[in-house]
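First the structure, in the form of structure tokens, and then the observations on it.
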Amino acid sequence: MGNSVEAGVIASPVESTHEHSRRPKVRKWWKFGGQDQSYVSVDVDIEPDPETSSKDSDNLVKNVNNVFEAPEATEIYRPIAKFEGSHRFDASATWEAAEEKRLVRRLDWLIAVPACIMFFALQLDRGNITQALSDNMLKDLGMNTDDYNNGMTIFYCSFLFAELPSQLISKKVGPDTWIPIQMVCWSVVAASQAALSGKTSYYICRFLLGLIEGGFIPDTILYLSYFFTNGELPKRLSWFWTSYQSTQIVGAFLAYGILHLRGHHGMEGWRYLFAIEGALTGLIGILTWLYLPASPTQTARHGIKGLLRPRNGWFTEREEVIMVTRILRDDPGKSTMHNRQGLSWTLFKEALADYDMWPLYLIGLSWTIPSTPPQAYITLTCKALGFDTFETNLLTIPAYTLFICQLLFWTWVSERWNSRLLLGVVSQIWCLPLLVALVTLPPDFHGSNWSKWVLSTMLVGYPYVHAILVALTSRNAGSVRTRTVGSSLYNMAVQTSNIVSSQIYRNDDKPYYYRGNKVLLGIVAWNVVIFIAGKIYYVRKNAERDAIWYSMSREERVEYLKTTTDKGNKRLDFRFAH
């Protein structure tokens, strides 16, 4: 019984002979809801004792409704000895729900908010080229739209190829060490863009910026998974990408002021923009080095690196027990490696070959494309429509504000309705009529400038389900090794889509990009298909495993867990979210 279930084949439903069988019904792929757990217990089909519900009259969170509720499972799922939180794990621990809620709120302020600030720094340095374009950077450097596209392609390629190496380094030395190093290094490159002299220097800087920034996002996602459960992660990642678009809003205001420096000491405004914002992110990187802890149980100050943390750490021993235990009850696979353990070549190959993650990588290759060119070109589009430099920067703010609202709303909906991939279909349906309008509207008509600005704004502010998909990738990994590699591969897929996106709007198609928008329409249709196909795939995989798991006796399940060679998401007790 140690063999993995073969992909794409549904086992015949075998009715359990247990007296208190509670086998879940197989849900149709188009329906919302369903079971919401990554691992099922050996006692999953036994009706719980009313006196041992997950929250009793004293509102205590107990060891039920997770894999550790079976006594035999404590040893089977016990963390490895080198796991950084193993000394704080207690499978029998209980605590008040309000106590856990307070602790999670503290983690939000201590960990999630700083992660958002770090992402702010990333996006400020890689995204301020949009504001620089509005200040005639291309004309000043003797470049055209195709040169700009080539530079962005170089950036995305170097960003793409740095993803996995950066993630492997981070896994070896720890995200708390590697992330600040990345931040300080890329800030130097970002600031040096103030000295650009032409196409060659532009290409070199975009290459170096992508090379150093690559891996930051999966590094941070892995880091957040140390502190938050699978159910908590999407909301925090929605804040993470909110900071990404908040940077666009803050950046627009900063650019409005900084670009007015054009002419001071004979320098263009965009040169001041790169220099000032690069220095700001460098400062954030240094503070990050002094602040980030390695894990929930390693928050005490140790030398200069922890200078901004208390000498005795942030948490009491009991709080550390709660943090570690609740994380492992939610996903015991997180304790199979420690946070300074690199991946061997064998583990790396196994993670790379995990075919159950491939649907998410395929989705990542194209789902963002319909809105990416309009976003990258929104300032150039506004300039082409007749708005001046400062009006253009201010007119980007509504698009990013709408983006943030949609991001937060749909991430909340995904957890409330326990549905993820179907919301990706919503994002594509949103883009469809907007692209149709951009393709069919004539170049000039009464109010055409404002009409096309509204359409571009709505496209940029589409339902952004990236936080949902990133959290889904982390959750469906089922092990630290696959989570490490999978997060990078998904982000590499997204970066590949950015490379494709950067070549869709061409110089001979401006300013309205009719040909490019027709291409985007075709990609929308493809995206709808792959989102639905991914949903069906994971629903079928779970149905296969339910059919087998619920046909086994309790003794057979325990024996399977003790003897199986299946790992991570290949185990019969693992269930995919979708």
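Glycine is no exception: its Cβ is also placed from the backbone N, Cα and C atoms.
These features come from TrEMBL:
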TRANSMEM  203-226  transmembrane segment
TRANSMEM  238-259  transmembrane segment
TRANSMEM  271-292  transmembrane segment
TRANSMEM  395-414  transmembrane segment
TRANSMEM  421-441  transmembrane segment
TRANSMEM  453-473  transmembrane segment
TRANSMEM  519-538  transmembrane segment
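Long-range neighbours of the transmembrane segment (453-473) within the same chain, counting only residues 6 or more positions beyond its ends whose Cβ lies under 8 Å from a Cβ of the stretch, are 217, 221, 230, 233-234, 237-238, 240-241, 357, 360, 363-364, 367-368, 370-371, 374-375, 378, 381-382, 385, 395-396, 398-403, 405-407, 409-411, 414, 420-421, 423-424, 426-427, 430-431, 434-435, 437-438, 441, 486-487, 490-491, 494, 577-578. With a cut-off of 8 Å on Cβ pairs spaced 6 or more residues apart, the transmembrane segment (271-292) and the transmembrane segment (238-259) reach 3 or more such pairs and are scored as touching. Long-range contacts of the transmembrane segment (395-414) within the same chain, counting only residues at least 6 positions beyond its ends with a Cβ under 8 Å from a Cβ of the stretch, are 130, 234-235, 237-238, 241-242, 245-246, 248-249, 252, 375, 378-379, 382, 387, 420, 423, 426-427, 453, 456-458, 460-468.
Here the transmembrane segment (519-538) has Cβ contacts under 8 Å with residues 8, 29, 359-360, 362-363, 366-367, 369-370, 373, 421-422, 424-425, 428-429, 431-432, 435-436, 439, 476, 504, 576-578 of the same chain, all six or more residues outside its ends.
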